[in-house]
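J.: Supplied in structure tokens, the structure appears directly below.
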Amino acid sequence: CIKANAKHCGECIQAGPNCGWCKKPDFLQEGEPTSARCDDLAALKSKGCPLEDIENPRGSKQVLEDREVTNRKIGAAEKLDPQDITQIQPQKLVLKLRVGEPQTFSLKFKRAEDYPIDLYYLMDLSYSMKDDLENVKSLGTALMLEMEKITSDFRIGFGSFVEKTVMPYISTTPAKLRNPCTGDQNCTSPFSYKNVLSLTSEGNKFNELVGKQHISGNLDSPEGGFDAIMQVAVCGEQIGWRNVTRLLVFSTDAGFHFAGDGKLGGIVLPNDGKCHLENNMYTMSHYYDYPSIAHLVQKLSENNIQTIFAVTEEFQAVYKELKNLIPKSAVGTLSSNSSNVIQLIIDAYNSLSSEVILENTKLPKGVTISYKSFCKNGVNDTQEDGRKCSNISIGDEVKFEINVTANECPQKGQNETTTTIRIKPLGFTEEVEINLQFICECQCQGEGEPNSPICHEGNGTFECGACRCNEGRIGRLCECSTDEVNSEDMDAYCRRENSTEICSNNGECICGQCVCKKRENTNEVYSGKYCECDNFNCDRSNGLICGGNGVCKCRVCECYPNFTGSACDCSLDTTPCMASNGQICNGRGTCECGTCNCTDPKFQGPTCEMCQTCLGVCAEHKDCVQCRAFDKGEKKESCSQECMYFNMTRVENRDKLPQPGQPDPLSHCKEKDVDDCWFYFTYSVNSNGEANVHVVETPECPSGPDIIPIVAGVVAGIVLIGLALLLIWKLLMIIHDRREFAKFEKEKMNAKWDTVS
């Protein structure tokens, strides 16, 4: 927004959808240019512009016509005129567009059942189609019977074509002009295009008139079918087209001539795309060239005609390529004698009606449109495929989400405020009319005061809190003419006392006033009468201007509440200094910038609670609690003099001692007395500085040893050890005796051997 350098509110809102203009008259600081009124909304609020003084017009949509789509079944008793059937919703709306802000609306399409159909059969009557003509003669009534299954309102027409009536397409000898066929064949004179039967609901009349048609002939293979298609498309009154589904069946067994081929016959004028039927005959084939494919596409689309190419197998590839160039067209394979033409038409119609494709008219410069489709069975698409839905049946409903965005405002003199576009499904006459209204000016500009005395004696219009200068005038208040801009006398007003720098080298001197230059970072601003101030050269802390805890104004930090210091890096919050006993810095220091400065040299730490040479709270008060509660201990004799500084309360057991969470800081203590008994107490200091002690009235003393079990245990141990030793001795003696007996037996045996010898 800042980079847009907007001179007035209109330019500002065109810079982007998030840009706003502050119309508060005294909003600008001294030295700030008028363009500083334009900024994003959050920045304007932070600079002090009230919400009611910010111009920020938004786009909108308004639906003017919104008739529901028609629900109608085939065979229904109610007969509706085509103009009373609605297939697309809404029908008309207004979009107010602001640059860069898209407007979205939903479009609903439902293919109505029993919708009227006009079908025009255009046939190639060159000699090669002779056998086909016989089958087509009975087409009227047969096709009527088939189409009754689809619609109760069906009309059919017939036309034929051959070729341009000039050389080298036909022979121009008198005999050949009368009968272009050879031998005894009776053929009619060649012609370009003939409207044989305008659209009618009488099938018998179709059979009758087509039965009177005769084959003609020409010299070259490609035919002049494009001339005929053009006339069928643009001669709506003669053909009898209604605003219903329009089908054109193009039947041939040959290729086609297109734009440029007319030069062979000396025809160089491009096709004019107009109707030239006289007595149902195309009379300008010798004067205008064949139409181009693009020209045909345009006219078929303008007149909502869907084309079915019924061609023989030989030319399928050619016409399939042509189909890819013509939206809402289909190709069917025609048998050699056209016997399958009815089924071909039914299949092609079903194929065309199963797809809906949206198209829009030409968009104004700078306007874009995008589509998102919500098709059958949950199929969604965007971008180019978002324009269409396929595989839909008659009666199915599909939706599209359409975004329209203006990327710029129309230039002056080019429909500055409104324009109209239309969106319609290809092949259908219904459309959505969208009136585009561009928001290029602010509401406050209409409330401006021309030739206002505020703008230096009427040299500008005072609007939206600022002057819009007349031609040839400049300055914030239009106080100078363009001829005075570079005057040296003016520069003197832009220099500070005792300085040679113009606008402190941070701006330009325009009309005797400094207009401060802008920096690449739009958040950094020069200001002041001489551009001597800025908001980015203040002291920093932790890499942030004013430590992130203040605002830089004219190179000095203005700190937020609870912060002070040149860089707003000194916090006045004492929470970090609070000791565990609830005192600031444990009562042993002062809190400076959120940090304790310990005044007692014995104490240190973040809250002055650490003391390496000090007794703890419990040890400090142990002797006094012992003497007062139990009348013993080291201070028993001096208790009344030294230990009366606290209030003492006795409790029955430890559970009744005060617990953590009370307002006063609390210490829980467990100490030994002179009898090696444990006693429990708490020590706290209330807000009035009074010390309170709660002590358990009965110490926990260890009980003496039980002698009898000990003696019994010792005796039992001695007896058991003695028995164990006797058992071991007995075991050893048994082992020794056995060894001695074994030795005796051995020696006895040896004595027997000696006696024998």
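Each Cβ is built from the backbone N, Cα and C atoms, and glycine gets one as well.
From TrEMBL, for reference:
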DOMAIN    1-50  domain 'PSI'
DOMAIN    8-442  domain 'Integrin beta subunit VWA'
DISULFID  Cys12-Cys49  disulfide bond
DISULFID  Cys455-Cys467  disulfide bond
DISULFID  Cys464-Cys503  disulfide bond
DISULFID  Cys469-Cys478  disulfide bond
DISULFID  Cys480-Cys494  disulfide bond
DISULFID  Cys509-Cys514  disulfide bond
DISULFID  Cys516-Cys531  disulfide bond
DISULFID  Cys533-Cys538  disulfide bond
DISULFID  Cys554-Cys585  disulfide bond
DISULFID  Cys559-Cys568  disulfide bond
DISULFID  Cys570-Cys577  disulfide bond
DISULFID  Cys591-Cys596  disulfide bond
DOMAIN    618-706  domain 'Integrin beta subunit tail'
TRANSMEM  707-729  transmembrane segment
DOMAIN    730-757  domain 'Integrin beta subunit cytoplasmic'
J.: Do me a favour and check the Cα-Cα span between Cys570 (disulfide bond) and Cys559 (disulfide bond); whole Å is fine.
T.: 10
J.: How long is the line from the C-alpha of Cys585 (disulfide bond) to the C-alpha of Cys49 (disulfide bond), rounded to the nearest angstrom?
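T.: Given the Cα positions, Cys585 (disulfide bond) is 44 Å from Cys49 (disulfide bond).
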J.: So of Cys503, Cys570, which of the disulfide-bonded residues has the fewest other Cβ atoms within 10 Å around its own Cβ?
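T.: So among Cys503, Cys570, the disulfide-bonded residues given, the one with the fewest Cβ atoms within 10 Å is Cys570.
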J.: Given the model, what does the mean pLDDT over the domain 'PSI' (1-50) come out as?
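T.: Summing pLDDT over the domain 'PSI' (1-50) and dividing by its length gives 84.
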J.: Express the distance between the Cα positions of Cys559 (disulfide bond) and Cys538 (disulfide bond) as a whole number of Å.
T.: 12
J.: Please report the Cα separation of Cys533 (disulfide bond) and Cys480 (disulfide bond) in Å, rounded to an integer.
T.: 25
J.: Hey, of Cys509, Cys514, Cys516, Cys577, which of those disulfide-bonded residues are within 10 Å of Cys596 (disulfide bond), Cα to Cα?
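T.: Near Cys596 (disulfide bond), where near means Cα within 10 Å, the disulfide-bonded residues are Cys577.
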J.: Out of Cys464, Cys467, Cys568, Cys577, which of these disulfide-bonded residues is nearest Cys480 (disulfide bond) by C-alpha distance?
T.: Cys467
J.: Can you tell which of Cys12, Cys509 has the most other C-beta atoms within 10 Å, given these are the disulfide-bonded residues?
T.: Cys12
J.: Round to a whole number and give the Cα-to-Cα distance in Å for the pair Cys455 (disulfide bond) and Cys478 (disulfide bond).
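T.: For Cys455 (disulfide bond) versus Cys478 (disulfide bond), the Cα atoms are 6 Å apart.
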J.: What are the non-local neighbours of Cys467 (disulfide bond), defined as same-chain residues 6+ apart in sequence with CB under 8 A from its CB?
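T.: Same-chain residues close to Cys467 (disulfide bond) (Cβ under 8 Å, separated by 6 or more) are Thr34, Ser452, Ile454, Cys455, His456, Gly460, Thr461, Arg476, Leu477, Cys478.
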